[in-house]
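Asker: Below you will find the structure I want to go over with you.
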Amino acid sequence: LVLDAEDSSAKKKGVLESELLHYTSPVCFEFFYHMAMKGDNKLSVIFVDTSNSLLGTKKVPPPLSNGWTKLSYEVKNIQGPFSVRITGSPGVLTRIDIAIDDIALKAGPCPKEPEPIVTSPVPGPTQRPVVITTAQPKPRTEPTSTPAPSTKTTRTKSPEPVWTTWAPKVVTCGPGQFNCRNNEKCIPLALVCDGVLDCPNGIDEMCSDRNQCEADEILCRTGSPEWCLPTSFLCDGHHDCSDGSDESLCGYCPSDYCKNGGSCNVAPEPENGYPKCTCQSDTSGKRCNVLKSASHQVNVASAGVNGWAVAIPVVLILTAVIASIAFYVVRIGRKEEPSDVPMSVPQS
């Protein structure tokens, strides 16, 4: 499970809660985690009972290395059903992912980590070196003879197969770039939360209401100095937003920037080199992402639905009137017939 730091949702916090568990004290809760060694990201484990009363809490310490770290947390004061919550925050200043894996809950105490065994070398008795001199052996001579042909069968061992492993592709985005988290694509920060999907997984538009600015404003995702800045700050040669997103898209047109056949060109002053789209007649919007025909079709469809909404009650009313008249005629006819005449349903 990964808490993605690039998610621009309103709540910068992830919560994972278990179902109601039935164990007796003590219990051992274990999992592996991966987070930054230094930063303001946070990870905690909380035990609560059915009344939401706190049974125990554990703040996960920063790891000592960049790899996976195991956490073992023992709780002893459990007296009834309980649940476990894992809460995490990717941080505000550092904004680094948090990952957890291999979550397990076991009855009984947590096993103690084995203490390292330290051994000291035992000094042996002091001995003087002894020099032993041996005579050089003479070369051995044997009579020359022709060896007889061998009848022994020699088997050649087949070579073992060589397995080739491929390392997963990892894309690292540079300054002013947003990682789409699909190991394939990076986009300029200026395209995040602009109302147009640029990442294949749509993570660039996972935005809260706070991340929506006016048409003459740009989003500053860090909120420093403000969440929304005037468009006059675009490409002015100064990082007005602390993440530099206002200077991340200057002097060039990204691939597929203008949608629906729109043409892109670098805008002159006063936009100072920010890309600008020239849209087709049937599209509009900053990036030609709004289809004019789509809104017309929506209105036509709405009108059609309203027409049916009016027609259906009229048909129902007419049907009810006809049914009432038919029922009245049948009632009159029945009064004129003898009471001992059997009734039957007419066959069509």
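Each residue, glycine too, has its Cβ placed from N, Cα and C.
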Asker: Among CYS220, CYS250, CYS253, which cysteine does TrEMBL link to CYS235 through a disulfide?
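Answerer: Disulfide partner per TrEMBL record: CYS250.
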Asker: Just choose from CYS264, CYS288 the cysteine that TrEMBL connects to CYS279 via a disulfide.
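Answerer: Partner cysteine, according to TrEMBL: CYS288.
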Asker: Could you tell me the mean pLDDT over the domain 'MAM' (1-112), as a whole number?
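Answerer: 85, rounded to a whole number.
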Asker: How many Å separate the Cα atoms of CYS250 (disulfide bond) and CYS288 (disulfide bond)?
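Answerer: Distance (Cα to Cα, whole Å): 19 Å.
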